[in-house]
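Positions annotated as domain 'BIG2' by Swiss-Prot, on the basis of sequence analysis: 1078-1151. Per Swiss-Prot, N-linked glycosylation site is recorded for 44, 337, 405, 484, 681, 801, 926, 1039, 1116, 1135, 1362, 1441. Annotation source Swiss-Prot lists signal peptide at 1-26, citing similarity to another entry. Under the heading topological domain 'Cytoplasmic', Swiss-Prot lists 1830-1887, citing a curator's inference as support.
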């Protein structure tokens, strides 16, 4: 049963496999696997599917079993292990099936088990260098047919080093090699090798390394017993030293000069120099060839072996060879050599660095080098013993250093001007010091031009951004240089500059560097910066802010912006006159804004004007809004009234020499923002009798009051004038001044009093120092106390002022307190007891910040002579009685506490110190809260110790009991636990670079703890992986932060976490901070060279992963444009730089930061000339050579111009057509490219000869400026020589050779492999070094030498015969490479395609050719493939090194470049145009219901068509054979066309919703009688007249009918208006159909058989039939337009029969019908005795005709009842009805009839009842007969195009005249007239 079940399963799997692959099928990793037969071990191979979950089955488990890996709960897996289970040696096969449990898809793999027939060793090289990386050797096993086994995993081998018979010249050669295990190395082996090495077994893969130089042989055999007869595999390895010769290039020397050679060795990647002479190597000069006039007996050069110095003796050449001293090693390895040419000096050359231009700049350092060349321009080695005399004018140059031989000078340019440098090669100095003068010195001169450096003025300009481009302009001045400058702007979006230096602002915000480069040397330039920035701040410039009422103020504005770059540098804008400013006045009525704005000035950019209208001050607000910019500035301005005197209003009283404090009001008030700047200036009427001084008491807060100190110089009266104003200040730099006058009177004093200005302490506690003596006052030693000195007259009245008295101030301790003249007595107005104001004299005492007790005494001894003399008082005057007063002061320091705020970590081991300093020493401390901290004051130390108790905050207040202090000293203490940790770090770092991470610990209020608390928290910072290193730094960002240095050491991502331990011992971690280490970010290619209109894509490598969007930008957008995808398009001639930025967002600031960037250079140029790039000029017949067009430089390759728009066309021609064949690049694939893509061609040599190859490059649009000088075309021509291949004519045999490149290998294969015993050897003689090596397995390998060798292949047949082949092997360098394309594209009519079809996968194969065009059989090149853009094709590596696979994915042109990685000169370019291969080209989107006829010219090789398929048949159903598709649903779909095993292309199709479905009635043309088609209504789905897209073949039209597209639509009908009680479906059948000829849908309408009721209703009421169509089962709304179809139900009579008699000879009948039918209605009678004529016609609604039916012959019916038929018919519609007519004769009994009485008459009169009875019977019979024929007679009538019934054409029109009324064929005649458009019912009889 199991076998039967397995058979059923296999049958099922076979059926599933036969069904074919699905559209998105999964794949296995291998189709067939070959496993070796083993007994001791089991060899496994793992099968893996790309996706899905599978159940696995082996058809023959005894041959190969299958075991799933990683079964899930559904007992399925994606991987399984195949194991060889065969027990007997044989070749058997088992089929492995894998069935997807979800989709049912079945995958298949064949497992073959066979015996190993042969093994061989595979290696990458046969040469090893000492101390180099080891070499991996691998066994490859073959079966008897030469097939390679898939795996040898687990098979045990024995590897041994054996004696090499051919290496006898090497001593102990078997010790030169060592076998390593992978466990000893740093390399990762396969997993099974690791397991075998652990079991001390050797597998199929090993490592070997060289121990010493020599040759060694390695042998491997299978240990499995069954393979004991399999011949072991052997390989011979050569171990060498890596030796270099320095210099390695050819050297040119002068006679008498020398050069020192070095021999170097490479070991482990390091170059070390060998000491020469050496016991291993020696240098030799060979092949000395003297010049034409040289001495053959003398050597050209000599070599000093002890110094390795080569000295040139005479003209000629010689070879320097490095060789082995050991004879046995001389042929084993190849050592470098060099050629030495001894030449005469030809001329001198000058170079300068930097710049390489001889236009220099003063102050710069330059290096000048004089080079020697021979007459062939070969650079001669400048040795130290030559002498070059150089003259550098000291006036222009400062020589900093020079070389001994005079060839190198380091100088500084000093002076502006023009000069010349002279140099002459004069002599050569030999080793003995002898000077050999050249007979003809080599001399040259270099002219030099020197300029001063270029500077631009101004250096910085700033402008605000405005939406209008070019809002601001400025002319920049340049100084220095040659005067001819090239101006440039780094950002044209910010600012542009003209050739004359006129700068214009652009449309973007930012900064632009304006540079002026010297045209003569672009290295020299000057620059300035233009900033176009958003306004950041606005302020008013210093100006006058006070105005008298009625005056105007000008208020200038400064608007500033932030400089870009993040440095927060603020700069004032140069011009903001275009700003739309809004002005607001805070207090209305004080100032009124005036229209207009101030022009820009040196200190402002704009401004406003206001007018003072009333006294007062106000704030003026100016604001600016634009977008997100909101700026505002405020300024305070004031308006004042004229100044007037208040106290005294007119007179003031003072003593002689004293002063009076006068109060004035009005005038300019003290500036509200800076009142201290207020001043009053006073003048007197008589300056000889008074002194004036201004005074501003601090106690006054009335800014309208002004105080004047007037000093009396003589008794009397005086008029005082006062000027009031403010001194200049920051907010009032230009104040106003107002004047006023008052009268002044003097009088003498009598006594003085002195009192302190004292305030009691705030606390109720008293100071211990206070005593009962009120004259003892404690004061602060930091604040100057004031004493109140008063003067009284004899009557005890207080004087206004006494400052003119001679007051002697004394202090008992001047070191503590003193009175300084700089602090004169101040006069303060105070109210006395009477309410009158008196002046108090306040004297400030100057303290000196020292503590102690002192007494201050003030004594008035008289008038102050100095004051009197300075006031010029009049003498003599009465003496003053001495007066005095004193007071004692105690001076102490103010109490201070530090710090004033501290945060304490809540930890028992932490306490904070508050240092209390100074004060009186008597303090009282209290806290705002009692349970947060504990405070203890240590009086001895002056420290308050604070211990944390609970989290919270508390304010500690220190009160000084003995000091007048405004407030106690306070310190706020915060106690907090740890809330969180915060890490700030940039989340990306480039590998090898560093960033800093900052860690803070935050308390409960999110405030940071001090860093000194971190040791109590055990703070640590850790990384999740070791891709970064963390080092704590000692540097501190602040007192709250610890800094770590992060260095990226490996690429990847990790996270940072900081952690601390809290008071409870719990570990608190920060949120992980992600950080990525990324590789360096680079843009490729490094330089982009483009033609105008050409495009190239810039790609990137490295950078952060996953890489965010790269922001591309270009420095000069007028030269080129760059898209977001990196596509660079050339616009104009010039240079630029494309910048690629990788940005990230700073987590803390939210700002975008640049984490990496790179630049590439862009050059947009025009083609000055074209060149044909041909790798060789001589080629052999039958060979091919690629050619392509380039510019005049290497950068001007096809990538630069191949895809330019408008493009170039390339036209190739040869002068001799029979010599060369020109072929397109894709000729082998049957693709013929148009001329615009033919920048690259292939050339085939046909016959020998020489021909010219010419290309003409034409510009499609010469005005686009792509060619130099707006040329229309450029051309180039080369000569190509084609020569015949060398052949033997006698005997006439083919002599072939194997062509190999250096360091390549090939496996030779013969037709006798496996059948005969083959041996290989090289036949070169012992004197010739072979250029190739071959082993016994036929592996032919070439070395680095070029040349030819001969190999011999001998086959020993088992039957005794031997065969020998001798083949020449040529080793030659690769000259060029050529690319071919596959597969070949076949078309129906063999026509060539113009592009690669879209969706196709093609393979490009690279062929390598030598300098004759022959193809290499083996090469060692490593190829690179690149495209100019990546959006049209996808490129990937092919199955071999010389292939690549390209898949076309989009329509467009892509350029492909192929080059050798080691030899960039070996390159080729190809065009890859991609076009649609499937027609038709759809002008617009398809709609549901469209029928599409797809076509393509692509066929198979046999010319057979491929298979069509659709990615979604539910949307677009397609016939697989013909390509007919029907759009069934809305959506996007891909149509595939596939030629099995050959090609596959596709086309994208979009199916949309039709906007409307419109029905249109089709008016038919004239039709014949026999046509019976239904009436049609054309249905247009969508906006097109036809729903058939594309050109359809007859076969496709047949398939369209089979697809039944009409099922997509449904037809509906309805009466309009709906006046009937039955639906239209009871009358009409409406069916959808599709016309394949016209491509149109239509609805076919057929009328049913009508009942009498239906016919009556339809005839009596007017209605229309409306036919519409809709999409079947559509869920979207579409406009439906119906069509009205006219119809007629036919003719209808109001009577079913007519009865006539001789008494009733006439009757009326009314016939209803359509008006167009009734107009031509004909009536026919079946008997001449009955006549009908129209009586009344009505064509209204309903339409009818009334007929009168009468009997012509009165005797009719006298012979018996007459039965006949009236037929009403329409010749237009062929409609007809038949009405039976019966005529009966009745005898009148009232008198004789017209013919007299008769017996028959009497009979009738007697038997009247009988006659009526007979009449009834006859009439009934007639009616029955007519009804029978009407119903049962076969009808030839059908529904015509307008649903009109028609008669058979065989009936005569005169049928009724010749036929009996009772004939069964009594139907209306047929008419040939075509009916009108409409619907008509059949001619059914009415009963």
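Here the Cβ of each residue, glycine as well, is placed from N, Cα and C on the backbone.
Known features from Swiss-Prot, placed on the structure.
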| residue | record | contacts (Cβ under 8 Å, 6+ apart) |
| --- | --- | --- |
| 44 | N-linked glycosylation site | 81, 82, 83, 151, 153, 154 |
| 337 | N-linked glycosylation site | 245, 319, 320, 321, 322 |
| 405 | N-linked glycosylation site | 382, 383, 384, 385, 386, 387, 388 |
| 484 | N-linked glycosylation site | 518, 519, 520 |
| 1039 | N-linked glycosylation site | 1010, 1011, 1012 |
| 1116 | N-linked glycosylation site | 488, 492, 1134, 1135, 1136, 1137 |
| 1362 | N-linked glycosylation site | 1354, 1355, 1356 |
| 1441 | N-linked glycosylation site | 1421, 1422, 1423 |
*asked:* Using DSSP, what is the helix/strand/coil residue split across the domain 'BIG2' (1078-1151)?
replied: 0 helix, 39 strand, 35 coil
*Measuring Cα to Cα, tell me the gap between residue 681 (N-linked glycosylation site) and residue 926 (N-linked glycosylation site) in whole angstrom.*
51
*Other CB atoms within 10 A, centred on residue 681 (N-linked glycosylation site)*: 15
*According to DSSP, does residue 1039 (N-linked glycosylation site) fall in a helix, a strand, or coil?*
coil
_List of residues, in chain order, with Cβ under 8 A from that of residue 926 (N-linked glycosylation site) and at least 6 apart_ = 956, 957, 959
_Can you tell me how many other Cβ atoms are located within 10 Å of the Cβ belonging to residue 1135 (N-linked glycosylation site)?_
14
*Could you pull the average pLDDT for the topological domain 'Cytoplasmic' (1830-1887)?*
37
